[in-house]
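Trainee: Take this structure first; my questions come after.
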Amino acid sequence: MTLTLQSSASFISFKETKGVKTPDEFLGMVSFAQAKPSCRLVAKSSMQEAQLSHERIMEVRKIEKREKLHELPANHSNRSTRVPVFVMLPLDTMTMGGNLNRPRAMNASLMALKSSGAEGVMVDAWWGLVEKDGPLKYNWEGYAELVKMCQEHGLKLQVVMSFHQCGGNVGDSCSIPLPPWVLEEISKNPDLVYTDRSGRRNPEYLSLGCDMLPVLKGRTPIQVYTDYMRSFRERFNDCLGNVIVEIQVGMGPCGELRYPAYPESNGTWRFPGIGEFQCYDKYMGASLAAVAKAAGKDDWGQGGPHDSGKYNQFPEDTGFFQRDGTWNSEYGQFFLEWYSGKLLEHGDRILAAGESIYQGTGAKLSGKVAGIHWHYNTRSHAAELTSGYYNTRHRDGYLPIARMLAKHGAVLNFTCMEMRDGEQPQSANCSPEGLVRQVKTAARTAKVELAGENALERYDGGAFSQVLATSMSDSGNGLSAFTFLRMNKRLFEPENWRNLVQFVKSMSEGGRNANLPECDSSRTDLYVRFIKESHTKKATEVAVV
């Protein structure tokens, strides 16, 4: 059977081969468990019933001894050797009109994913599409069709409440702006979006500085996000917990809890630049001034650091981020506590709304944190600081985030699980592996469930092997789930597809019998080092927090 791309869209079609010749013949080869209908989609004129997919069985076992190096506290929950794998659907899964894009091709693609052993798929519920026609005017029709299709194939669904624009970042293959009526308000008041020191406005996401102000036709942004999530629950209430198993709440650009410190649009930022602070809209400025005045330091409230450099500089090129720079001064600590604290407050507000809406539905709540691994091996961790993570050589910036998520019973979803230190340029002082270890420790300490994603599109066995290693732990701080980025034409190339199927199988078996290549074999132009011996002892278990 050959899986090929039917068009530029990221779905598959089945061309005539010696094996399966049509989607119908493929369907005849794959059987799906049938169950009684249990999920009804609330439509405008009728109720739609579908089939309940089989529930995954979780094995429970006791916690083993603590890790002695960077000792971790005892885990608070049971573990399983199985890590379910989800696959992200294309960014353009919905048309600009709000309908399911090429449903027949999507149906065939989902059929193939089911045959691979994947647990389910993830999809963005774009604010710019659903509430496009005006305030409180929601169109969930395309998503209702997708939910029904997933249910028929026995696939689970993770849904992202995507309050950001699509376009301008790594991997963005289409453009979906914020709702037109929101853009209209931004045109009247440009301070509604994040702004850098030079006055450059970023339309990806509304500034958290106006979270609690009625700037969107009488509603605050938090109220708008809350109404949106409530509308989703009302429409899909009967599917929550059985088909729709997770609601990931978008909290910033790319759906991540962070500031847009490294925008790629128009060449503003390039890897591995340190990025810039995003605190120059009038609302953020007023907050900083008020906090500085309360601290008796009025001059500290006149804007961000003057010596923090430009987007594409390195830490040592700046007075603020260099080895013994201003970041470690009394002023630097004051500013960074305020900057990171505002981000935590923003996440806390949105997750509180999400918790109040989805609690008791059976669907998990989650939030995504970015894997900013460049300059991690420097003292200041500059790229993390500009993004809002107050993480330095002397301070753990991820434990407060993990505790905030734990407060709302939310899963911590972290990226860059596929990356190895040896793949990165030495000049960038990267350590994705060290960063992942730190986040895993923070998650375990905060007693929050940890899930993972790959940051970049990778289909080679080396990347899959790294995820397998990362997902495992003898200490109870492994992954509860992994979401693979992303379904597109490259995924269905024969070698890549075989790698995915073997990866899903290995994750379901706790890393046992992993026969993946030990190098990058899919033309990603990356040299991938795979050290088998270092993971031999852990290759039979995956922990679920």
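Even glycines carry a Cβ here, placed using N, Cα and C.
Just lifted these from TrEMBL, have a look:
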type: BINDING; residues: Asp124, His164, Asp172, Lys368, His373, Thr415, Asn454, Ala455, Arg486; note: substrate binding site
type: ACT_SITE; residues: Glu256; note: active site, proton donor
type: ACT_SITE; residues: Glu453; note: active site, proton acceptor
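Please go over these features one by one and say how buried each is and what sits next to it.
Mentor: Taking all protein chains in view, 24 other C-beta atoms sit within 10 angstroms of the C-beta of Glu256 (active site, proton donor).
Long-range neighbours of Glu453 (active site, proton acceptor) (same chain, six or more residues apart, CB within less than 8 Å of its CB): Met88, Lys368, Asn413, Phe414, Thr415, Met417, Phe482, Thr483, Phe484, Leu485.
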Trainee: Near His373 (substrate binding site), which residues of its chain come within a Cβ-Cβ distance under 8 Å, counting only those 6 or more away in sequence?
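Mentor: In sequence order, the residues whose Cβ lies under 8 Å from that of His373 (substrate binding site) (at least 6 apart) are Cys416, Met419, Gln424, Cys430, Ser431, Pro432, Leu435.
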Trainee: State the Cα to Cα distance, in Å, between Glu256 (active site, proton donor) and Arg486 (substrate binding site), rounded to an integer.
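Mentor: Roughly 17 Å, rounded to the nearest whole number.
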